[in-house]
Amino acid sequence: MVHFTAEEKAAITSLWGKMNVEEAGGEALGRLLVVYPWTQRFFDNFGNLSSPSAILGNPKVKAHGKKVLTSFGDAIKNMDNLKTTFAKLSELHCDKLHVDPENFRLLGNVLVIILATHFGKEFTPEVQAASQKLVSAVAIAL
């Protein structure tokens with residue numbers, strides 16, 4: 001189990017409260033699919049994923065990205081109990097969809113990049129460290 005300090009929790013919660021989940025979620029999933037094209041195989045029912053512009057403009061990518069970031073919101077509310085929080089999603093993604101757990105780590109890293117682009121100077125090294133810790137813990141839980 002990962003332990004988050006009060007400062008880490010505060011930094012993550014504060015940043016998350018300012019996040020546009022719909023916008024950032026679409027960007028994060030879209031970037032994952034562009035940068036790591038082998039991840040597209042899990043989204044063959046999303047239609048046109050033939051180019052970066054097609055992926056980033058795809059409404060299904062945006063909708064699923066929002067769903068993914070909404071789940072990250074659940075993680076923020078339950079930082080001390082991530083394994084239980086993600087038990088059902090873990091079962092779905094690993095046991096039924098056979099998603100390589102490495103893909104969750106990649107998505108977490110992409111999300112940290114999105115946070116940095118959205119929050120600029122507010123995304124200090126301390127906030128980055130806390131965010132990286134959270135996305136790594138979520139990847140492990142999944």
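Here, residue 1 is simply the first one shown, and the rest follow in order.
Glycine is treated like the rest: Cβ placed from N, Cα and C.
Record features (Swiss-Prot):
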DOMAIN    3-142  domain 'Globin'
MOD_RES   S14  phosphoserine
MOD_RES   S51  phosphoserine
BINDING   H64, H93  heme b binding site
- So, by DSSP, how many helix, strand and coil residues make up the domain 'Globin' (3-142)? 114 helix, 0 strand, 26 coil
- Item | Cα distance (Å, whole number) from H64 (heme b binding site) to S51 (phosphoserine) | 18
- Neighbour tally for S51 (phosphoserine), based on other Cβ positions within 10 Å of its Cβ: 10
- C-alpha of S14 (phosphoserine) to C-alpha of H64 (heme b binding site): distance in Å? 24
- State which of the following recorded positions has the fewest other Cβ atoms within 10 Å around its Cβ: S14, H64. S14
